[in-house]
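Take a look at the structure set out below.
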Amino acid sequence: MHQIPTVGLGTWKASPGEVTDAVKVAINLGYRHFDCAYLYHNESEVGMGIKEKIKEGVVKRDELFIVSKLWCTYHKQSLVKTACINTLEALNLDYLDLYLIHWPMGFKPGDKDIPLDRSGKVIPSHTSFLDTWEAMEDLVIEGLVKNIGVSNFNHEQLDRLLNKPGLRIKPITNQIECHPYLNQKSLIDFCHGRNVSVTAYRPLGGSRDGVHLMDDIVIRKIAKKHGKSPAQILIRFQIQRNLIVIPKSVNPSRIRENIQVFDFELTEKDMEELLSLDKNLRLATFPSTENHKDYPFHIEY
C-alpha cells in the first residue's frame, strides 16, 4: 500500500483558470499529493500543471500521489471503468494512485451530475455501493489505479463494505469533512481501528450561515501563541490526529503556508481545546439527496 502524503492540495471549487498555476506553485513548494474529482470539472487543467512540472524535470510521476473520485452517476458496474478512463484522459495520466467512491449514493446515469425530480430531490440509480466496489477492485487488477477508497461513508456503510463477502481489496482511506466544529472523533476511531486511514476535507471549515472557523477566538489564541496562522493550526491539528489533510487554495502564499506545518507541535492542552470546539456542524450536507437510501448523514457517525 502506498503511503499517502500527509498534506495534499485540494482542488474543489478551484476555477479552471486558476488551478493550473496553483498546481505548479504547489509542486514547486514540495506538494506531492493532489486531490481531484470528476465533479470539480477542472481535471484537465490540473493535469496540465502536473504535465508541465514533469516535463521541466521538477518531479517524476512516481513521486506524485494523484487522487480522483468516481461520481454518483457512474455507480453502475458497467460505467465505473468508463468514468475512470475519462478522468485519466482529462488528467493526462496512465494511472491514479487512489480512486475513491465520492459518495455512497448512486444517481440515475445521464448528462446531469445531480439529476433531480420535480420536487428537487435526487433521482437515485438502483445500485449498491457494494456492487460498485467490485468494479473499483477490477480497476486495481487492471492497473488503472493503484489503490481504492471511499468518501463520505458513515461507519455502518464502511462496516458493510469491510465485511462484504468476497472482498478482494480493502479501502485504504475514508475521505470525510473534518475540522474542529465537526471533529468526527467516533468515525475516525472506527476507521483507524480497522486500518482505514482518514483524509480530512474542508479542514479550514469554510463558511455556512456566517460561521468562520478561522475567526474562532480559541483558534486565534493558539495561533498567536505559536506564531502561526489559524489555517496552520487547523492543519496541524489534523496531522497530530494522524489524519491526511487536503486544504484547498489557489493563492500562492496560502499554498505555501498550508504546507509549513512540520516545524512546530501543538501541546496536549492545545489539542484538548481544539477538540472541545466540536458542535457537530456539518457544512457539506448535500440536502437534495436526503431522500436517498444510502444518504450517509441520517445517523450520528
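Quick reminder: no glycine exception, Cβ is built from N, Cα and C everywhere.
Features of the protein shown, as given by Swiss-Prot:
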type	residues	note
BINDING	Asp35, Gln175, 246-258	NADP(+) binding site
ACT_SITE	Tyr40	active site, proton donor
SITE	Lys69	site 'Lowers pKa of active site Tyr'
BINDING	His102	substrate binding site
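Inclusion criterion for the recorded positions Tyr40, Lys69, Val250, Arg254, Arg256: a C-alpha placed within 10 angstroms of the C-alpha of His102 (substrate binding site); this criterion is met by Lys69. Listed binding-site residues: Ile246, Val250; maximum Cβ neighbour count within 10 Å falls on Ile246. Each residue contributes its Cα atom, and for Pro252 (NADP(+) binding site) and Tyr40 (active site, proton donor) these two points are 20 Å apart. Sorted by the number of other CB atoms within 10 A, the recorded positions Lys69, Lys248, Arg256 start with Arg256, the lowest. Put simply, Lys69 (site 'Lowers pKa of active site Tyr') is 25 Å from Arg256 (NADP(+) binding site) when counted between their Cα atoms. Counting other Cβ atoms within 10 Å of each Cβ, the recorded positions Asp35, Tyr40, His102, Arg254, Asn258 show the lowest value at Arg254.
For the recorded site, Arg254 (NADP(+) binding site), the DSSP three-state label reads helix.
The distance from the Cα of Ile246 (NADP(+) binding site) to the Cα of Lys69 (site 'Lowers pKa of active site Tyr') comes to 14 Å.
For the pair formed by Asn258 (NADP(+) binding site) and Tyr40 (active site, proton donor), distance between Cα atoms is given as 21 Å, rounded to the nearest Å. Around the Cβ of Pro252 (NADP(+) binding site), 15 further Cβ atoms fall within 10 Å across all displayed protein chains.
In the three-state DSSP assignment, the secondary structure recorded for Tyr40 (active site, proton donor) is helix. Here the CA atom of Lys69 (site 'Lowers pKa of active site Tyr') lies 20 Å from the CA atom of Val250 (NADP(+) binding site).
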